[in-house]
Number of protein chains: 2
Amino acid sequence: MTVGDLGEFGVIQRISGRLPRTAAVLLGPGDDAAVLKAPDGRVVVSTDLLIEGRHFRRDWSSGYDIGRKAAAQNLSDIVAMGADPTALVVGLGLPADVPADWLDALTDGFRDECDLVGATVAGGDIARSETVVLGVTALGDLGGRSPVTRSGARPGDVVAVAGRLGYAAAGLALLGAGVTGGPPELVALLEAHRRPLPPYPCGPRAALLGATAMLDVSDGLLQDLGHVADASGVAVALDAAALPVPETLTAAARHLGADPLEWVLTGGDDHALAATFPSEVRLPPEWTPAGVVTEGRGVRVDGQTRTEGGWDHFRG
Amino acid sequence: MTVGDLGEFGVIQRISGRLPRTAAVLLGPGDDAAVLKAPDGRVVVSTDLLIEGRHFRRDWSSGYDIGRKAAAQNLSDIVAMGADPTALVVGLGLPADVPADWLDALTDGFRDECDLVGATVAGGDIARSETVVLGVTALGDLGGRSPVTRSGARPGDVVAVAGRLGYAAAGLALLGAGVTGGPPELVALLEAHRRPLPPYPCGPRAALLGATAMLDVSDGLLQDLGHVADASGVAVALDAAALPVPETLTAAARHLGADPLEWVLTGGDDHALAATFPSEVRLPPEWTPAGVVTEGRGVRVDGQTRTEGGWDHFRG
């Protein structure tokens, strides 16, 4: 059974049937548009386009993992503003020969990742396409909080990180070296490459704590802190010894003759959060202080300049 | 100068520089997410995926027209709920060899169509892709009105249409017959194929008038009224003589030996609105009454059954 056998109507019914309704969804799939609660009176919205062969490969990741990852990276953008995700809408481009089972798995991946934050897929669009294309839009509610942008970091602020850093990069390096299994801690890294574990609750909580700037680490800590430095007109000085480099990463790096700190500094795809806080804020344990904001520009690690700003990865 | 020459950062700057900010956009492009006003406390959201070669062709339509059409079809979904569009977010997949001029024209098309409803593009995502892909999401505000769904039509209601019907289909038929120019009324039909003129103000106004069901006519009047009939559990009886068949269509049909009524009944892409109203509602002139809602199912024209429901165009 393929998507082509199901037809558009069948595909929509099949997807809708696997998705829960949540209280935030006042009107779900099946009309011209969905209607969501936006109790704050403002809505936070972020969109990503994921294209097969560039952002994912069906022979490398299951439909389930692709769904989880696609949802995660969008939900993470919402919490990085300090908001609570309410729903996704998903435009889905599908070749006719995609198996119905794959579609089910993709849907379940979206559903399970959304479940982590109490959200769901509230609507979407189906189109035929040569390769799988996902246009994912996430919406969220600020619950009365001010959005935490990239531009509010001030000299004297503390730089802190929440969530995993370097795991996905280590997993990719292991896969590249032909490691496809092993002890649980290695498998966890392989899994991390396929599926991020964003620290969802940390985003809204950071807004409440008074974070001055925050973003989702999707391109690597250095690069993303470079965006904060650029947008805020400040410099970021990281202390390498303060960054979390767990034994899992160290062991994998030893195995590959790599430097685990580089994974932590430059690895993307984990969707950790990086934020700046006024120095007087008492950070809860999920945040690891790892540097300070200073006058200047760019990002330094142990006093050494690592980024100058002006990132570009369209050509990458 | 191509998109590849500009790079991701250059593309984003170039697009952002051409877009106005509106009062509804509290935080625009450049952060993890945009923040929009949602004064109603609910947000209406619709998404569409448009794929080159399937939904548009760069050799048939200009970048400007593609932008206008992509914006129009999404904005139309918002007004079809009775809401006022506030903003779009756009995921844009681009081959590196796309000329920068084409990107400018696309952006201007989005901008000018959004201008018609006081909206703008508030954010987006850029990705490299083999062909142009547009993931367009529109958001809107209900302004205290109830959303007008597809499921509220009741026997006794009047069926009415607003906006142009059959124009885009006539334009396509003319193009197919090799007509690429001629008197202004023919050119208007060719234009209609490239760029719809949705009757934006009619949507929110219909909600205020008490419309019981409404939708955006994107797949053809019969097919779309079939959705209303299905969702509402009723039948729709159209009176062919009441449907608007302007002289422009009649003349083009005469030229091609076609039936203009078929264009009106089955042509998509004009993004007219079709709605049902309680019979006591005094319809303003922009709405043309063209039938009634009855018990039963499906859509009849002059007593003859034309749809049974269960539409499917995934295979189409």
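Every residue, even glycine, has its Cβ placed from backbone N, Cα and C.
As recorded in TrEMBL, the features of this protein are as follows:
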DOMAIN    A:30-140  domain 'PurM-like N-terminal'
BINDING   A:Asp32, A:Ser46, A:Asp77  Mg(2+) 4 binding site
BINDING   A:Asp32, A:Asp77, A:Asp216  Mg(2+) 3 binding site
BINDING   A:Thr47, A:Asp48, A:Asp125  Mg(2+) 1 binding site
BINDING   A:Asp48, A:Asp77  Mg(2+) 2 binding site
BINDING   A:His55, A:Asp269, A:Trp311  substrate binding site
BINDING   A:Gly124, A:Asp125, A:Arg150, A:Ser218  ATP binding site
BINDING   A:Asp219  Mg(2+) 5 binding site
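Sparsest Cβ environment among the binding-site residues A:Asp48, A:Asp77, A:Asp216 (other Cβ atoms counted within 10 Å): A:Asp48. With an 8 Å limit on C-beta distances, the binding-site residues from A:Asp48, A:His55, A:Asp219, A:Asp269 that reach chain B are A:Asp48, A:His55. Per-residue pLDDT, averaged along the domain 'PurM-like N-terminal' (A:30-140), amounts to 96 for this model. Note: the CA-CA distance between A:Ser218 (ATP binding site) and A:Asp269 (substrate binding site) rounds to 5 Å.
A gap of 10 Å separates the Cα atoms of A:Asp48 (Mg(2+) 1 binding site) and A:Asp77 (Mg(2+) 4 binding site).
Within the same chain, residues at least six positions away from A:Gly124 (ATP binding site) with a Cβ under 8 Å of its Cβ are A:Ile15, A:Pro29, A:Val89, A:Val90, A:Gly91, A:Leu92. In terms of local Cβ density within 10 Å, A:Ser46 ranks first among the binding-site residues A:Ser46, A:Ser218.
Recorded residues A:Arg150 (ATP binding site) and A:Asp216 (Mg(2+) 3 binding site) have their alpha carbons 10 Å apart, per Cα-Cα distance. Of the candidate binding-site residues, A:Asp32, A:Ser46, A:His55, A:Asp219, A:Asp269, the one lying closest to A:Asp125 (Mg(2+) 1 binding site) when CA atoms are compared is A:Asp32. Helix, strand and coil residue tallies for the domain 'PurM-like N-terminal' (A:30-140), in that order: 33 helix, 45 strand, 33 coil [DSSP].
DSSP classifies A:Asp219 (Mg(2+) 5 binding site) as coil under the three-state reduction. Geometry remark: A:Asp269 (substrate binding site) versus A:Asp219 (Mg(2+) 5 binding site), CA distance 7 Å. For A:Asp77 (Mg(2+) 4 binding site), the nearest neighbour among the listed binding-site residues (A:His55, A:Asp216, A:Asp219), judged by C-alpha distance, is A:Asp216. The number of other CB atoms found within 10 A of the CB of the residue listed as 'Mg(2+) 5 binding site', across every protein chain shown, is 18. Annotation for A:Thr47 (Mg(2+) 1 binding site): same-chain Cβ neighbours under 8 Å, separated by at least 6 residues, are A:Asn74, A:Gly135, A:Val136, A:Thr137, A:Ala138. Taking all protein chains in view, 23 other C-beta atoms sit within 10 angstroms of the C-beta of A:Arg150 (ATP binding site).
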